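What follows is a short report on a single structure.
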Protein chains: 2
Amino acid sequence: MKGENPNPSPRSGAAAELLCGVNAKALLDSVDAFLFDCDGVIWKGDKLIDGVSQTLDLLRSKGKKLVFVTNNSTKSRAQYANKFRSLGLSVTQDEIFSSSFAAAMYLKVNHFPPNKKAYVIGGEGILQELQLAGFTALGGPEDGEKRVQLKSSCFFEHDKNVGAVVVGLDPDINYYKLQYGTLCIRENPGCLFIATNCDSVGHMTDLQEWPGAGCMVGAICGSTGREPIVVGKPSTFMMEFLLQKFHMSPSRMCMVGDRLDTDILFGQNAGCKTLLVLSGVTTESILGDSSNSIQPDYYTSKVSDILKLLGE
Amino acid sequence: MKGENPNPSPRSGAAAELLCGVNAKALLDSVDAFLFDCDGVIWKGDKLIDGVSQTLDLLRSKGKKLVFVTNNSTKSRAQYANKFRSLGLSVTQDEIFSSSFAAAMYLKVNHFPPNKKAYVIGGEGILQELQLAGFTALGGPEDGEKRVQLKSSCFFEHDKNVGAVVVGLDPDINYYKLQYGTLCIRENPGCLFIATNCDSVGHMTDLQEWPGAGCMVGAICGSTGREPIVVGKPSTFMMEFLLQKFHMSPSRMCMVGDRLDTDILFGQNAGCKTLLVLSGVTTESILGDSSNSIQPDYYTSKVSDILKLLGE
């Protein structure tokens, strides 16, 4: 993967410290920006996690830059800004880095030819970001109800001008889309296979986990024998944009997330400080298990602990 | 994988010989049984490949035992016997070893508890074979039209008594089935993850290839982080049954198939002679490519070349 830091955070490997009054104050003093994952950190499904709004307000009042870095590709940045608004949070589109946006930016920086098209297995957010970046995208939700009949002499046509298949979370996954993406990758010379992310599961609803983009990406790996280019966390592809935009040193940033293998690894790969919150998929026993090799700098139960620990 | 031969065929690695009159005669004299793959060897989709019927008749007339070993799990052995009949071929259920049957036999020989159930992502054939073997199976085609809504407070229930998820080719794959299988594997302690096979694509129709079981298996690998137990080719699990049934030495058998990484590897893993036919997914240029390390003993364009070469 592109852009990984050859010098990971010196703390990686050492056991995580529980966040307390003293180290929370030191952390706040040592960084200028907080990068937040969203699902399991800011919200679960459509429910805001307790105390998030006040915590973000406090951090902004202390002059900290806030950035939201999400692997969930189903929404575009504009749709995410709406979601933040609907939950009572004031976040602008410029503060949001989604893996749908990252997929479009990957094509842009790699000079994807304007006469080529992208086929999407995933949500409306990927299509919107691709189109905003000036690309022709097909597939996505409009192929959700399409069915195929495996009958003799049935021939499945695909567009020979598709030069990239972009795969993200797709709750409307079907055999039609799988065949379309598979044919493009196997038969169109040079066709790229881009994964927004490879999360195995995620809190698509507040009550439980559901298969994530890793499921759809795994399906296309299985039918093509190819490995994807991953643009979401833990790949640091998005970090390059972030750094260009905000002119900040990664060592003055803290990545806050609920997943060890995406958020914390992403922060460490980029050279940021890292804070794990236990309000999402990772439990304290997973963190402490001998099979886990990813240790954040700090951990705490939820984002709003910062408020409490700083006595605000 | 179980049952692999520690002494692979001595010819593996040496370049394949084109079948000719002399070596065809020698091959026939050196084996008592021919094991045939079906898709791409006997038929393509629902079309019989030219000359197959006469070739099978000739081999039977020379006293050769014929066995059909297929990775396609959508049908049960009974359904395969019907397909052979409908194409004018006289083949009995006892001569058929399908990966649907292998999945049921895997549970049987591993003493799968009778109070546990199997959840199926795949076709009717898997359900039928599981039920014939005395197991309770759920899922499969009846879940093909089920949809899920990722709404707040929506909770997806799954059966805690599912002790195995069996995954095969499923043209009716959907998010409901993926969530069901994922929950069983992630949340039911000790739940097995069984793949009928991992073929990336197959000739589900005569005109082109479509995503195979490897696609659905890849999806579940992606959502669970688990690797499957594979019971179809190239795993030699089915060979153990075949040998028990027919009391034959593998060295007196010839595996005939169109795929290097399943059929030919299966034959070599089991210690059989191997014949590649070019009537399916493998071309002469794939066989000869420097990236291909799997060389059969012999290769020819199609099964009926045997007739011609023997001058019958």
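Every residue number used here counts from 1 along the chain in the order it is shown.
Each Cβ is built from the backbone N, Cα and C atoms, and glycine gets one as well.
The feature Mg(2+) binding site is assigned by TrEMBL to B:ASP37, B:ASP39, B:ASP258. In the three-state DSSP assignment, the secondary structure recorded for B:ASP258 (Mg(2+) binding site) is coil. Counting Cβ atoms from all protein chains shown, B:ASP258 (Mg(2+) binding site) has 25 others lying within 10 Å of its own Cβ.
According to its DSSP assignment, B:ASP37 (Mg(2+) binding site) is coil. Here TrEMBL flags B:ASP37 as active site, nucleophile.
Around B:ASP39 (Mg(2+) binding site), a 10 Å sphere centred on its CB holds 21 further CB atoms from the protein chains shown. The annotation active site, proton donor is assigned in TrEMBL to B:ASP39.
In sequence order, B:ASP37, B:VAL69, B:ASN71, B:SER99, B:ASN197, B:GLY257, B:ARG259, B:THR262, B:ASP263, B:LEU265, B:PHE266 constitute the residues six or more apart from B:LYS233 (substrate binding site) in its chain with CB-CB distances below 8 Å. Annotation source TrEMBL lists substrate binding site at B:LYS233.
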(request) Taking the recorded Mg(2+) site as B:ASP37, B:ASP39, B:ASP258, identify the other residues of that chain whose CB atom sits within 8 Å of the mean position of the site's CB atoms, giving them in sequence order. (result) B:CYS38, B:GLY40, B:VAL41, B:ILE42, B:THR70, B:HIS203, B:GLY257, B:ARG259, B:ASP263, B:VAL277, B:GLY280, B:VAL281
(request) Taking the Cβ of B:ASP37 (Mg(2+) binding site) as the centre, count every other Cβ atom within 10 Å, in any protein chain shown. (result) 25
(request) Look up B:LYS233 (substrate binding site) in the DSSP assignment and report helix, strand or coil. (result) coil
